[in-house]
Amino acid sequence: MIIFGIETSCDETAAAVVESGTREICSVVASSKEFHEKTGGIVPEVAARKQVEFITPVISECFEKYRKEKKFDTLEDCYRGIDAVAVTVGPGLIGSLVVGVEAAKALSLFLNKPLIPVNHLVGHIYGNFVNNTQELLLPAIVLLVSGGHTDLVLMKDHGNFEYLGGTLDDAVGEAYDKVARLLGLSKYLGGAILSKKALECDENTIKGRLPRPMVDQDNFDFSFSGLKTASKRIIELNQYPQEVIAREFEEAVVEVLVKKTIRAARKFNVKTIMLGGGVSANIHLREEVKKEADKLGISTQVPPIRLCTDNAVYIASAAYFNNKSVGYENVEVNPSLGIMDKL
Ligand code: KG4
Ligand code: ZN
């Protein structure tokens, strides 16, 4: 089954073609990130306008890539090759989501193929299933860490998830972004830049100065707003180099995420630990999870870095494994969709 996926939940406009949920045929991602960098944060109206500007060229380029990849003579051959269209319906910015959903409806009508709505958060998990030669054993604990979410989920099977816990306040990516801004490293989405800065520190001379929120609590919830405030205080002291604070912040975050994930993995006796979401691109987090999981004989699965941040490959993959195609008139955006919400 070949699915054409569309993703427009925030500031990326993406389209992809994926075969049998696991084989990426082609992918196109356009981003309006540079415009939000100028304003020091995302302006939803600007993001939506950029989605409108990008969506048709991105879909068109994706079809062209698909044609070349399959060595089809004409675009008509490509259209015939698609079995379904998939689209992110939430969570995300309403103006951005609407652009992708309306484009997907039109495409599904044009191709006369079913439309599959996809939960963006579930989509992130499927970055683990694409282009993966290793068999992925379930049940698994999934740690979903993005700019808007921090969730621990037990994945029993495709479409069968149990929510274990999540953040009570800020998402981990949001904390990264705010601390990167406080450190003067980046005005917008500074997670990766902060992490790079932390690598410049040879020795964490302030280890333990920042809190490890909720780390010893016997639950699967998180809290990052106190850590952000504590980081602000240390930065304002003006006593420590940026890279030392960056490293201590990253160690605090990773320690909490890894301890709680490992505790969940033990409690539910899972075969695999999976990461998903933009923050799963973090090298330190990937290494620490693997190190601790290896000790327990649990396998670790992380998406390739390229598939950690928003794209349509994992949307098409999630659609294949959770296929709930509906008439296009029944597909609606839901900006506040949670990971457990039914579509
Ligand atoms: O999943 P994503 O692309 O968008 C949402 O769905 O939210 O995640 C974006 C988040 C941002 O907060 C960004 O700073 C963070 O992921 N991020 C990272 C890294 N790469 C991206 N955080 C820490 N380390 C990284 N290497
Ligand atoms: Zn995302």
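We number each residue from 1, going along the chain as drawn.
Glycine is no exception: its Cβ is also placed from the backbone N, Cα and C atoms.
Features as listed in TrEMBL:
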- H120, H124, D310: Fe cation binding site (BINDING)
- L144, V145, S146, G147, G148, D177, G191, N282: substrate binding site (BINDING)
- 26-316: domain 'Gcp-like' (DOMAIN)
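Features recorded in TrEMBL, as mapped to the structure shown.
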residue : record                 : Cβ contacts under 8 Å, 6 or more apart
H120    : Fe cation binding site : E7, S9, T88, G90, P91, G92, D310, I315, L337
H124    : Fe cation binding site : L144, S146, G276, G277, S280, P303, Y314
V145    : substrate binding site : A171, V172, G173, L257, L275, G276, G277, G278, V279, S280, L285
G147    : substrate binding site : C10, A171, G173, E174, D177, L189, G191, G277, G278, V279
G148    : substrate binding site : P91, A171, G173, E174
N282    : substrate binding site : G191, A192, S195, E250, V254
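Under the three-state DSSP scheme, H124 (Fe cation binding site) falls in the helix class. Under the three-state DSSP scheme, D310 (Fe cation binding site) falls in the coil class.
If you average pLDDT over the domain 'Gcp-like' (26-316) in this model, you get 96. For D177 (substrate binding site), the count of additional Cβ atoms within 10 Å of its Cβ stands at 25 [all protein chains shown]. In three-state terms derived from DSSP, D177 (substrate binding site) belongs to a helical segment. S146, D310 are the binding-site residues among V145, S146, G148, D310 whose C-beta comes within less than 6 Å of an atom of ligand 2, given in sequence order. Checked against ligand 1, the binding-site residues L144, V145, S146 give S146 as the ones with a Cβ under 6 Å from it, listed in sequence order. Cβ contacts within 10 Å of G191 (substrate binding site), excluding its own Cβ and spanning all protein chains shown: 26.
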